[in-house]
Structures are given as structure tokens and as C-alpha cells.
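Student: Grabbed the feature section from TrEMBL, which reads as follows:
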- 60-217: domain 'CP-type G' (DOMAIN)
- 69-215: domain 'EngC GTPase' (DOMAIN)
- N109, K110, C111, D112, G159, P160, S161, G162, V163, G164, K165, S166, S167: GTP binding site (BINDING)
- C241, C246, H248, C254: Zn(2+) binding site (BINDING)
Amino acid sequence: MITGIVIKNMNGYFYVQDEEGTVHECKVRGRLKKGRYSLLVGDRVTISNDGFVESIHERHNSMIRPAVANIDQVVLVVAAHEPDINELLLNKMLVMIEHADIPIVLCVNKCDLMDASTISLVDLYRSIGYDVIMTSTYAMTGIDELRHVLEHKVTAFAGPSGVGKSSLLNAVDSKFTFQTGEVSDKIKRGRHTTRHASLFSLNTDSFIMDTPGFSAIEFNDVSLERLTTLFPEFADYVEDCKFNPCYHEHEPICGIKEALASGLIHKGRYDAYMSIRRDIENQRKRF
């Protein structure tokens, strides 16, 4: 038996890198296909000598979108321009990763194109407590800082299409040759260049995961009570709410609404909370 880590899933085959660095093309036993969860990139597995995945080791975390497992951190990449930052989508991605309880590094790429509004957003997320790196593959700004962040960790790169994830990875290490794309002039969004989540070795104990870009997120397993906790800045004010649970909309004596009125909570963040809350409520109605 051989132990290793799933580095790619393509066309029904799982590619497993063992501890010696050898990659094995594997299929999954039927009994595992009927198990409680599907095999994901990042899973630690035991495989047989004839190329079958025999068992999946216990995960310490996983995400649905991107569908990955055993991640030490997520580098969430957005672009300062082309495509411009979609604040609602960014906040939804942050909430999704917070729900998985995975540390987040927010990377603002194309920082050579930053304007005042983007600088304000960077200040906002730093004030909330997020680590923010500003990078530019054009000016080669922030690349060394990004390399340092990736050391000794398994890191998933996530974010919308067109923000430059593949270009960033190519800049981090010259051995990488990820396909890069351009932003559509018509819709001002990126074209997908990464089709499948894949794990790549940066060095002996550092792995990076390039994941497909995405523009839609669902919160099927997030409760309304849990949602409030996924906005870190709400924690300082939720104790001032009269009701428990409080959904911070129509309830009287609500600490979140009072903080919003006082400018202590950013309106865009509150609006994102309400938007996600509506999504969760609508999903509940469908089921």
C-alpha cells in the first residue's frame, strides 16, 4: 500500500503524489464512491499497487466551491481593475471560506491600477482583521511577500476569473507555466483558464492549489444563526442585541443596526449580510 495526496481529478481518474514525489494514476473503488463524501483534490489517501484508492484519510477541513480538502489557507485573489472588484461576490467568498474555518489572505492583484475606491476597500478589510497583500505581475510588486506567505503550507488560490491567479503563480516560481487569459472587453469579466482544481508542489513542504474561477456561490449548509458569526466585525456588537437569535433587520435594540447607524459597520458589509441572508432563506423555501 502507498500513501499520498490527491493532486488532480480529471476524466474519472485521480492523480496521487506519494511521499517520494511519484505520481500515480488511480481509480476509486466502488464502495468509496458510495461513501459519505467524494474524493477531493488535497485528500490524503491510501492506494493499492494496482492503482486503486483504497481509503480516504480523515480531513481537517474541506470546501465545496472550490471543491478542495486539507487546506492550510486560502489566498483569495481579486483585481484592482479589469475586472473591477465585485464587493458582493468578494464578501460572499469571504463568508464561504470563514464557514470552512480556513485562514484567509486577501490578495489585491494589479495594484498598479489601484484607484481611491480600491484603496478604501483595502483599508476596510485590513480594519476588519484580514491580512491583505497587494501584488502586480506587471511591476513585480508584492511577489516576494506572496512567496513568503506560501512557505510550509498547502494554499488554495481562489477568486473570480480574470483577476490574474495563474499569472501570479507563474511569477511566484518560474517552473510554473499556467495558462493565462484576458478580460473580455464586452463583459469585463475574465475567461476561465483553469478547468479543474489541481495541486502543485512549490517545494518539499509547500503546495499550491490553482482552482477554477467562479461567479456564483450557494450557502446550502449555512444557518442564519451561523451567518452572523461569519462577519468578524459583527462580534463586537452582537452582544448588544436584545433578542437571541437576532437577524439584525426589524428587531428593536439591535447592536448591529446601531453600529451600522454609527458608521462602525460598513454599509456594504451589512448589505452583503442581508443579501446572503435572503439567499439562505430562499434556499430553505425550495427545500
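From the backbone N, Cα and C atoms, a Cβ is placed for every residue, glycine too.
In terms of burial and nearby residues, how do these features look in this structure?
Tutor: Proximity of N109 (GTP binding site) to non-local residues of its own chain (separation of 6 or more, Cβ distance below 8 Å) is seen for V77, V78, A79, A80, T135, S136, T137, V163, G164, K165, S167, L168, given in sequence order.
Non-local neighbourhood of C246 (Zn(2+) binding site): T228, V238, C254, G255, I256, each in the same chain, at least six residues away, with C-beta under 8 Å from its C-beta.
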Student: In which DSSP state, out of helix, strand and coil, do we find N109 (GTP binding site)?
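Tutor: The three-state answer is strand.
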Student: How many other Cβ atoms are found within 10 Å of the Cβ atom of C254 (Zn(2+) binding site), counting all protein chains shown?
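Tutor: Excluding its own Cβ, C254 (Zn(2+) binding site) sees 21 Cβ atoms within 10 Å.
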Student: Of all the binding-site residues given, C111, V163, C241, which residue's CB has the most CB neighbours within 10 A?
Tutor: V163
Student: In terms of DSSP three-state secondary structure, what is the assignment for G159 (GTP binding site)?
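Tutor: It is coil.
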Student: Near H248 (Zn(2+) binding site), which residues of its own chain have a C-beta under 8 A away, given they sit six or more steps off in sequence?
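Tutor: Non-local contacts for H248 (Zn(2+) binding site): T228, C241, C254, I256, K257, Y270, Y273.
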